[in-house]
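Worksheet: the structure to be examined is printed underneath.
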Amino acid sequence: MGGPKKEENPPGGGPTSLFILTEDNPIRKYTRFIIEWPPFEYAVLLTIIANCVVLALEEHLPGGDKTVLAQKLEKTEAYFLCIFCVEASLKILALGLVLHKHSYLRNIWNIMDFFVVVTGFMTQYPQIGPEVDLRTLRAIRVLRPLKLVSGIPSLQVVLKSIIKAMAPLLQIGLLVLFAIVIFAIIGLEFYSGALHKTCYSLEDPNKLVKEGESETPCNTDNILEKATGSFVCNNTTSMCLEKWEGPNSGITSFDNIGFAMLTVFQCITMEGWTAILYWTNDALGSAFNWIYFVPLIVIGSFFMLNLVLGVLSGEFSNERNRVERRMEFQKCRFRAMFQTAMVSYLDWITQAEEVILAEERTTEEEKMHIMEARRRNAAKRKKLKSLGKSKSTDTEEEEAEEDYGDDGYLKTRSKPQGSCTGFWRAEKRFRFWIRHTVKTQWFYWFVIVLVFLNTVCVAVEHYGQPSFLTEFLYYAEFIFLGLFMSEMFIKMYALGPRIYFESSFNRFDCVVISGSIFEVIWSEVKGGSFGLSVLRALRLLRIFKVTKYWSSLRNLVISLLNSMRSIISLLFLLFLFILIFALLGMQLFGGQFNLPGGTPETNFNTFPIALLTVFQILTGEDWNEVMYQGIISQGGAQKGMIYSIYFIVLVLFGNYTLLNVFLAIAVDNLANAQELTAAEEEQVEEDKEKQLQELEKEMEALQADGVHVENGDGAVAPSKSKGKKKEEEKKEEEEVTEGPKPMLPYSSMFILSPTNPIRRGAHWVVNLPYFDFFIMVVISMSSIALAAEDPVRENSRRNKILNYFDYAFTGVFTIEMLLKIVDLGVILHPGSYLREFWNIMDAVVVICAAVSFGFDMSGSSAGQNLSTIKSLRVLRVLRPLKTIKRVPKLKAVFDCVVNSLKNVVNILIVYILFQFIFSVIGVQLFNGKFFYCTDESKHTSAECQGSYFKYEEDELLPKQELRVWKPRAFHYDNVAAAMLTLFAVQTGEGWPQVLQHSMAATYEDRGPIQNFRIEMSIFYIVYFIVFPFFFVNIFVALIIITFQEQGEAELQDGEIDKNQKSCIDFTIGARPLERYMPKNRNTFKYKVWRIVVSTPFEYFIMMLIVFNTLLLMMKYHNQGDMYEKSLKYINMGFTGMFSVETVLKIIGFGVKNFFKDPWNIFDLITVLGSIVDALWMEFGHDDSNSINVGFLRLFRAARLIKLLRQGYTIRILLWTFVQSFKALPYVCLLIAMLFFIYAIIGMQVFGNIKLGTVENSITRHNNFQSFIQGVMLLFRCATGEAWPNIMLACLKGKACDDDAEKAPGEYCGSTLAYAYFVSFIFFCSFLMLNLFVAVIMDNFDYLTRDSSILGAHHLDEFVRIWAEYDPNATGKIHYTEMYDMLKNMDPPLGFGNKCPNRLAYKKLIRMNMPLDDELRVQFTTTLFALIRENLSIKMRAPEEMDQADMELRETITNIWPLQAKKMLNLLVPPSDQLNKGKLSVGKIYAGFLILESWRSTRFGQLDSGMPMLELQDASRHPSQESLTGADAGHLHPGHSYMNGHRRSPSLRHNGSPLARSPSPRRRGHQYIHHDIGFSDTVSNVVEMVKETRHPRHGNSHPRYPRGSWSASTSPARSPSPSRYGGHLSRSKRTQLPYPTYGTTSLCQRSRSPSPARLQEMRERDRLGYGIDMGVTHVQHSYPTLASRRAGIGRRLPPTPSKPSTLQLKPTNINFPKLNASPTHTHHSTPHSVHSLPHHRDLLRDPRDMYYSSRERERDRERLRDRDRDRDRDRLHEYDLRYEYRDRERELYERERDREREVERERLEYIAPLSFEQALAMGRTGRVLPSPVLNGFKPKSGLNPRHSDSDEEDWC
């Protein structure tokens, strides 16, 4: 078991065991063999199971008594211990104890085993005694079987998904724990010691006075001093004293942090929280308590605990996908292997056949035989394929039969010969006839009707039915059974058994009929029925076959069957879990539940009862009650609190984790099923389309034959219906759009034409902009009036006044209705008034109100009409629904709910059918068995007569009570009652009582005996698994999926998904954060600021908060005075420290900047509150009644919230939390409407019921006597707190309130209570609260999805880091700082510091944000570009980017119409910002990419004597300095230096339109000659590089005039002043302490750095051919091309979506190396941005521009001679890096190449260089053919320092 696999520890060389036995030792070898021998493992497992059985058989008696069996079983303990000891010893010998890898105690299971064995020995010695009963630890051994379980694949999915979910679950656990701590501390401050006062008798001060059956906390004796809503003792009989231990024996309290946390946890699980709320109300008054409890339930239960569900379902679907993909891959691999083998085999056979056929000796007959065999094989293969298709569903009826043609069928039958031939032929015909009959429609419907009638017969059975009905049903059962049996046999005969059993429906029929036969025999022999025959009702599901829901239902069934293994494995896991906890519970609590009122029904005394108790806790119902009993049994609140851990773990792991996996499976399957259905529907649509097209072709060909026309109409229908749908959608859209609607062109009510002035007036009024607003106001006022009514005193003055208001409101609504009818017409034409649902509702409400007023006025026969009037007036509550239509977003949520209901319909039908089946089984099992006598000693109605004495606990004399024989409130006497009972059970409320009653049920008309038939619990367990665990979850899942689909459907038109939308949402709302910093660094303010923002200070404050939290947790009830004072002064100290922090922050930031940060405001409020609180504690005790300052204590707990902003994961969780709250307002509004409507109905119908004691459920805490009370009661029901009891308390026949002005003998309440509560629970539990779950699952899906996908939760980090670079929140930073920032941000948001520069450049080229004049990027633009690039939002090939931009702008305008006006140009910069003479990030980084690529070639890394261009080693400076430094401005278009009258062709002044780097803006010119933006950028980037080794000399070449050309100059360009003329000469004269930048203008670089060429360049430098320093240059004139004057520059084509690389040969351009983050130091030399020469220009010598041919020739000769002279001396220097095989040949080729280069003429421009070519060098390892044919080939391998060859693996 615990041993590792054999290969883990290779024998021989391994470590010794126990320092003695080596790997080769025979003892160790044998022990190793034994522990790895499978029979040994099974033996150990069997021992474990036997041990579990022994533990389960024990019965625990009170007082440590033992039964005879238990004593015998105890003796087995030694044997078990012995076996486990032997196992442990063998393993220790074989594996070693602990010191080395894979040794015994390095395995978690082995540690557990060892622990159990050691503790087992301890228990064998009696002197340890029963105090430390360590046998409990033996239950841990039950975990061992889990090891084998992990081998089952489907269980692995469940287990793995739970284990994988543990990481996010722990995050959520932290959040929940944090919430619990905060609420517990608040509870500790407010409620500590509050629940210890109760009423004591005046006669006996030690005797408690109860209210009803339980004690109640009290507030005071003096009725004048009492707080509103609190409880006051009756001062004639009792007094309020503070000496009670508290409710639930003192366990439920806030007396110290432990009790408080347990109480808060209990509230979060929504069990028993109302009791705590009511107790605190009694003790302290009801004014403010709800403010504590309602948020606790909403945040704790609805939100935090639902997160668990979201995480689990996400993980489950991920894990299942993973497993499915793996299986799919394995199948594919096997299939491929099989196919290759098969194909080769078939080829071999076919070739053999060909040979045989070709042979001369093969006879014709043999050939025919071979051909026939081939034909048969082909046919068989075809049939197999078709069968495979139809079989996949496995739910079709006898579809497959058609495949078996008559011939095949006949051939399979053996035909007997002889005299019987005629008989067999007749039999065959008869069989065919029957077969056709069975398949007809009428036979199908006949069977369905029979099933329906049978179901009706089953359903009419009820308790106390007349004997004739019993007899009729008895015989009907036989008749139906006979009919169904004959149907089964007829089908079997007609189809043959094989085909019959291929249909799953038929298999099901057969099982049900067999079950019914068994049941009939059983009831004859033994009596009693199981109700199995009702399973026939499931056959009604066949009706679905004729409905449109069939495919979706079938797919759901398929999907569920597919995940059956997961479900079964989950159930197995659940069973193991229950088993372990039941055994553990028996060890801990067995025989201990001996309470004053006797042993409770839930206990751990025997194994079956323990299992049921654990199952009950697992369902979450009344788990707190069991926990109270457990704690009390172990010594009460003082000693037994540690035992609460058992129950908490059980609830957390069982209820919240395992049971939520059911929902996870359901969500997953439904999504799966819906995909299947959608795919099928698409297929059907496609087929229809194809048919339609074929038909059209036929019709064209045949000129519309009659038949074809009919078919055509039929086929066209679907597309028409589609058109209709689209029209409807369009109509709806039109309605939503603003602006006046045109008048309908029909006459209204046959009288008013469209031109009629009355109608036009009505139309004008209805369409007034404020008309709807006015109606909304009236609706709101009317709703307030409804809520303000007094339901008890109907004729009170308040009600009379409100009645007059009601007349006014009804008048307004009537006028509105009449105006709309005049405008729209009544009903006859499209668009008329009653054609819309909302208008019908309006009309009904108005008419009913008018009718009820009519009755009121007439006053005739008031008595009989009262209920009618009341029901008519109740309809007024529908008025608030009128607002739904008027608020578009609310209507969207409402539509979503309605749609999810529509989706649920088909499941709802199945659900009701299953509910019905269980109800019928319940009626069969428990019919008439739920009666009891109020005197428990009597067991029949005959005995239950007269009176009996009832003894109360504290009373001296018994009470006399009447004996009454009555049924339980929930029973199974008829199907309707059974369905109600099961509905209550399924909501999980009060089901343990129903379970106890069922197990105690004996026989019909007899009383209960406790645990009479424990096996009846199986019915409930099965029901729970089918319903709450499963069906309800499918329901919830459907609503969740529909809700999510609705949200996604809205976005489909815009072609962006949900995640993209939430990211864009964030971008639109995001603003840069301001981070203040004092300007003067020498001030005191700056020093304070430095302290306040430093990390140590932050940590110090964190530590303070943590210690402060611990201090708050140290408080407890009844603490000593000294202790209390210490706490008070320490608290003051903390308050002082926090005050100092706040003061320091105000000094450091200044008042104005301090208040800009919301956290600072929060701190200030907290500090001020704490100071007031401290002062009040010290000085304010004199006059306690003046003002209630209790709320000030909240500020102590508020500091904890500051902890939340520290952790990254917690920050993200919280951020998402807030986001989900933002998504909820309309959902909450809808829920509020539901509550409002139900509360008003409740007030009207149940408001006058008399308030009773606690047992009655309608009490002073819990009633409908005011609107607020009604809403609280409904909120309680929504959390599921004992709603069935409230429903029973509202039924007809309840006593009326004393103030209700009812006639004597008149009763209140109504039978409507059933419908009212059931519908409310249905809407609330299934619909509304699931919207919460849907929203949460939507928002928190990032917890389980791939973390590399960018989500909105990452973007907060961008805002935070941006603030570090842009502390003043200007919204702009320099592009170099932007690069740094993105490198500092981790992926998926930024690039990360490990991202290769080249990949970063490519991303930036695609992002391409525009730059302003100071080369800064904008905040919103950068964030949006980042999101767009990361999530590929409309990113396309470069040439399509313009179109994509336009589409994206349109999408943004559609989805965010309001924000788009302001933000659109920031989000998607318009083309003119990227085109017209403006720089963009894409252009700059395209230049850097070229440099980077050049650097990675062999010539970028030359270590020769040539001037080496190295990486600029400049560190980043703040943007303010870099932009305002004296010499700043490398790429600043504005800093061009003028020389004389000439101006530089800088970006500012050039009119050439620039191309946008990543996307082209073509304007009709096919060839546009040059691109200033990009080329200027490249040239300037190049010039930024520092010349290091060889500073150039100031003298120029004597032969050439002084008029150098910049990188951008060419004969066709405007004249350029010297870039370094004036400025550099000045810098040289002033002897600056830093080296100046030399030019690296491309034109002055060689074509190919061959050794000779390098030498030539050096010589040229010496002679002064290069750029001169400090010398004024003379301008030379030359002809300018007309096209240039026109301002048409060559455009640079786009970068593609995957940026291609520049096809400038790396050997052609000597680029300098550049810094990864191209930031410049502030002592850089300014220059203007010039443009790059045409790519042809790059290939020529700069001097060629003004050489004569003779001069050129002379120079060439001179250089050639010099080369030859010096080659011998210089060659070894280059041979270090380049090897030439043939020196002579190399020299010859060099000469030839130089000749060709020099002679080449540049007569015309060629087509522009494409960006694919231009950036070719950005691609790694891709080398293009060199234009210089000199035999130099760059090395394909890159220098390891600069290698980006694996760049795609980064980022």
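Cβ coordinates are placed from backbone N, Cα and C, and glycine is handled just like the others.
Residues annotated as transmembrane segment in Swiss-Prot: 39-57 (among others).
Residues or ranges marked as transmembrane segment in Swiss-Prot (evidence: sequence analysis): 76-95 (among others).
Annotation comment: Swiss-Prot describes 134-152 (among others) as transmembrane segment, evidence class sequence analysis.
Classification of ASN234 (N-linked glycosylation site) by DSSP places it in coil, neither helical nor stranded. ASN234 (N-linked glycosylation site) counts 13 other C-beta atoms within 10 Å of its own C-beta, drawing on all protein chains shown. Annotation source Swiss-Prot lists N-linked glycosylation site at ASN234 (among others), citing sequence analysis.
Residue environment of ASN235 (N-linked glycosylation site) contains 14 other Cβ atoms, counted within 10 Å of its Cβ in all protein chains. Taken from Swiss-Prot, the feature N-linked glycosylation site applies to ASN235 (among others), supported by sequence analysis.
For the repeat 'II' (427-670), the model gives a mean pLDDT of 86. Taken from Swiss-Prot, the feature repeat 'II' applies to 427-670.
Among residues of the same chain six or more beyond the transmembrane segment (476-495), those with a C-beta under 8 A of the stretch's C-beta atoms are 398, 401, 431, 434-435, 437-438, 447, 450, 453-454, 457, 506, 509-510, 513, 516-517, 520, 533, 536. Annotation source Swiss-Prot lists transmembrane segment at 476-495 (among others), citing sequence analysis.
If you look up Swiss-Prot, you'll see 504-522 (among others) marked as transmembrane segment.
If you look up Swiss-Prot, you'll see 532-550 (among others) marked as transmembrane segment.
Among the features that Swiss-Prot reports, transmembrane segment is placed at 570-589 (among others).
Under the heading repeat 'III', Swiss-Prot lists 762-1049.
Residues annotated as transmembrane segment in Swiss-Prot, with sequence analysis given as evidence: 768-786 (among others).
Swiss-Prot lists ASN865 (among others) with the feature N-linked glycosylation site.
Outside the transmembrane segment (1094-1122), and at least 6 residues removed from its termini, the chain residues within Cβ reach (under 8 Å) are 181, 184-185, 188-189, 192-193, 196, 253, 255-257, 1130-1131, 1134, 1137-1138, 1141, 1196-1197, 1199-1200, 1202-1203, 1206. Positions annotated as transmembrane segment by Swiss-Prot: 1094-1122 (among others).
Per Swiss-Prot, the feature transmembrane segment maps to 1128-1147 (among others); the stated evidence is sequence analysis.
Look at Swiss-Prot and you will find 1185-1203 (among others) tagged as transmembrane segment, backed by sequence analysis.
Within the chain carrying the transmembrane segment (1128-1147), a Cβ under 8 angstroms from the stretch's Cβ atoms is held by residues 1084-1085, 1088, 1091-1092, 1101, 1104, 1107-1108, 1111, 1154, 1160, 1163-1164, 1166-1167, 1170-1171, 1173-1174, 1177-1178, 1196, 1199, all 6 or more beyond its ends.
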